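Student: Below you'll find the structure I mean.
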Amino acid sequence: MQKESIYGLTREQLVDWFLAHGEKKFRATQVWEWLYTKRVASFSEMSNISKSLMTLLEENFSLNPLKQVIVQEAQDGTVKYLFELPDKNMIETVLMRQEYGLSVCVTTQVGCNIGCTFCASGLLKKQRDLTAGEIVAQIMWVQHYFDERGLDERVSHVVVMGIGEPFDNYANVMNFLRTINDDKGLAIGARHITVSTSGLVPKIREFADSGLQVNLAISLHAPNNEVRTSIMRINRSFPIEKLMAAIDEYIEKTNRRVTFEYIMLSQVNDRPEHAQQLADLLRNKKKLSYVNLIPYNPVSEHDQYSRSSKEAVLKFYDVLKKNGINCVIRKEHGTDIDAACGQLRSKQMKKEKVKNQ
């Protein structure tokens, strides 16, 4: 049976586990420091803990459960990792070099059931949720890469926007957030972490009550129900009116800005009237709204879509700006590698299938 990754425990949970096994609280603190401050690669490197405690840890936990399968490096410094999990499932993680630091995009599920018609992540249906440990391990793998090479760089920003719907794996994602945000561990600031959801309304409300200062992003991608339902199946369950009501509640409770992700699809959602509808939709919350216009990365399986022209994107941007909406055209990363989320995994799974036939 596969042992749980110790990365899956928050500091509080680690302390509770130690106390339940007859160990002192300060031992848990020592182990936590070895994991996240000294960032060791094995329990045997924890030089100030007893042999019996080391054995106890080795019997109950694994450290990093990921196995690297493929690494793609782009000319702009973006690195895309394909990892194999202990059950042979595969996930993707992306490192992006930004002006403000190193940002990592993590995956939260093996596959995705949300079924957005433009997305490579949903080409392979959800097999299971990732554990909190498997999500934390993605950050640790990237950080170890820099540590091992003596590079004085650290992961400073995290976006929970990889394969899967984070709020469909809510409990594990929340434990992941608490672990990486812990000031005695990786200490990645809450305001440097963004969680994206396609619009699971009950979980948006729950997230508003969580007390975490983590940023929220909404994968909106359309300004009206007709267009959104045609490209995002989730809109049937949670139409725009319900989604916006939940966001209004979130803003009222947290007073935090919400980012709206908007993939630009040629002749689908990119016309000036769509931009005006979006501006009207956000008018009552424009002080705490931020629109991220995203150039579409074409996916061969979704050839009904193509990216909007630069002219269409700029016109859309101008309409939003004239309406007082804060917006930006997202800078592209890794365009010379499998840039679309889920693309690398999908390609590799196809290769494996052919190989095994």
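Glycine too: its Cβ is placed from the backbone N, Cα and C atoms.
The annotation active site, proton acceptor is assigned in Swiss-Prot to E92 on the grounds of sequence analysis. Summarising the annotation, Swiss-Prot assigns domain 'Radical SAM core' to 98-330. The [4Fe-4S] cluster binding site feature in Swiss-Prot is assigned to C112, C116, C119. The S-adenosyl-L-methionine binding site annotation in Swiss-Prot covers G164, E165, S196, S219, L220, H221, N297. Under the heading active site, S-methylcysteine intermediate, Swiss-Prot lists C341.
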Student: Go through the binding-site residues C112, C116, C119 and tell me which ones have a CA within 10 A of the CA of G164 (S-adenosyl-L-methionine binding site).
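Tutor: C112, listed in sequence order.
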Student: Which residue, out of the binding-site residues C112, C116, C119, L220, shows the minimum number of other Cβ atoms inside 10 Å of its Cβ in this structure?
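Tutor: Among the binding-site residues C112, C116, C119, L220, the sparsest Cβ neighbourhood within 10 Å belongs to C116.
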Student: What three-state class does DSSP give S196 (S-adenosyl-L-methionine binding site)?
Tutor: strand
Student: Hey, how far is E165 (S-adenosyl-L-methionine binding site) from C112 ([4Fe-4S] cluster binding site), Cα to Cα, in Å?
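Tutor: Spelling it out, the Cα of E165 (S-adenosyl-L-methionine binding site) and the Cα of C112 ([4Fe-4S] cluster binding site) are 7 Å apart.
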Student: What three-state class does DSSP give H221 (S-adenosyl-L-methionine binding site)?
Tutor: coil
Student: Taking DSSP three-state, what's C112 ([4Fe-4S] cluster binding site) in: helix, strand or coil?
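Tutor: In three-state terms, C112 ([4Fe-4S] cluster binding site) counts as coil.
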Student: Taking just the CA atoms, what is the gap between C119 ([4Fe-4S] cluster binding site) and H221 (S-adenosyl-L-methionine binding site) in Å?
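Tutor: Between the alpha carbons of C119 ([4Fe-4S] cluster binding site) and H221 (S-adenosyl-L-methionine binding site) there are 12 Å.
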